[in-house]
């Protein structure tokens, strides 16, 4: 039993010793970290014309596991020249992968790199192209060395050599705070900080409420000389206005939102005399991290903003959660009323115009059809037939008793030609009084069957033999003789008009020559005999 108690005492003592050792080790580690923090990466002396800075413990060996950042800023229209002392020693390695010094041309760790240096040979003289140099010293956990000492001075920027020395800049600072606010460059002119012809280097200090951070969102941004950071830029600092706290710098055509980690933000605008048209407008919002309190609104992006910022017409969250579903809460403004009225008027006017266009198209389509139907109804077929139908010849008979048997021959000859086409010529002499050529073609007169029957019914002279039928040539000659010789001797009182098959009177009736058979039989017989000879 006693032996068991002794074992327990031994185990307990060992545990106590272990805990005391761990506590001591933790205390030593905390002390070491505090010492490293208090060392501040060597010394740094600044003055108006330049300065000097060194690695930690220089000229003794620098400590392991150390990283130091040095950012040098010159005045406007000045550049930086950096020199390393000859007493220089940093652990050598291939491409300086271990301990090294890295120099960049600008204020950020992503600025263009100038070079990375290590070994026993000090780097050459380094010149910046602008107002800033970014320098980093890194030491790993093994093989420490003496380190470095560097000095720098400011020189005039050759890009502004023709403009001469910069005039003293006017004091231009602003103080702002609260749950939200707007920072804008127009405040410089409104508050009389500088004239329109002066270069400006203004700063806005924004202070958030306790336990709050700051979110910055650009509402308007334009640089007169884009991509020329020496002439105009907008810079954002997080925590102070020193170059070490520079968060972002904008001098191109785009500016992004910035989320600060502290409750103090600094906005800086630089513009020389030829860049005073540069402008910006920025909204700052104070927020707290979740969990959100009762008087705050959760933005779904690890932001809790004041309830008074919800549905205020401005997007205070990273995403517009605070302005969604706010139409029923917002009062209709005069601009909204005018917009709605204008939209109604435009819509009604557009409908009226469309209706008028449709009516016009319908009228234009139906109007030609109406005219065509009207013209078709006005067409008189009788007039058309009167113009194009050839004339109809009417027969006339003699009331006298001196007719001979020649009428029978004439009737027979006319009956043979009653189916011929009607003549379209208006000249009777071309058909009946023409030359031998017209006689051979024959007349185009169309005697109907009724007309021929009238001729056959006429009485003949008994005792006289009928004249035998004649051929077509002889009949045509006789027709010519009738129209030429007997036309002048035709007595109107002895003529009787015989109705024809024409359904109406032609407009050429006055020009129709009626065939008159007069004279003595001897005269016809003599002409007939003469023709046969």
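Residue positions begin at 1 at the first shown residue.
Each residue, glycine too, has its Cβ placed from N, Cα and C.
Going by Swiss-Prot, these are the annotated features:
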DISULFID  41-68  disulfide bond
DISULFID  96-118  disulfide bond
DISULFID  172-202  disulfide bond
DISULFID  229-251  disulfide bond
DISULFID  292-304  disulfide bond
DISULFID  299-317  disulfide bond
DISULFID  311-326  disulfide bond
DOMAIN    41-155  domain 'CUB 1'
DOMAIN    172-287  domain 'CUB 2'
DOMAIN    291-327  domain 'LDL-receptor class A'
CARBOHYD  306  N-linked glycosylation site
CARBOHYD  340  N-linked glycosylation site
SIGNAL    1-22  signal peptide
TOPO_DOM  366-533  topological domain 'Cytoplasmic'
TRANSMEM  345-365  transmembrane segment
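Sequence-distant contacts of the transmembrane segment (345-365), counting only residues of its own chain at least 6 positions beyond either end whose CB sits under 8 Å from a CB of the stretch, are absent.
When other Cβ atoms within 10 Å of the Cβ of residue 172 (disulfide bond) are tallied across all protein chains shown, the result is 18. Residue 41 (disulfide bond) falls outside any helix or strand according to DSSP and counts as coil. In this structure, residue 96 (disulfide bond) is part of a helix by DSSP. A straight line from the CA of residue 306 (N-linked glycosylation site) to the CA of residue 96 (disulfide bond) spans 51 Å. DSSP places the residues of the domain 'LDL-receptor class A' (291-327) in helix, strand and coil in these numbers: 7 helix, 6 strand, 24 coil. Between the disulfide-bonded residues 229, 251, 292, 299, 317, the minimum number of other C-beta atoms within 10 Å of a residue's C-beta occurs at 292.
DSSP assigns residue 229 (disulfide bond) to coil in the three-state reduction, outside any helix or strand. Candidate disulfide-bonded residues: 68, 96, 202, 304, 326. Fewest other C-beta atoms within 10 angstroms, 326. Distance noted between the C-alpha atoms of residue 118 (disulfide bond) and residue 41 (disulfide bond) is 17 Å. Fewest other C-beta atoms within 10 angstroms, among the disulfide-bonded residues 41, 118, are seen around 41.
The disulfide-bonded residues shown are 41, 96, 172, 202, 229; of these, the one with its CA atom nearest the CA of residue 299 (disulfide bond) is 202.
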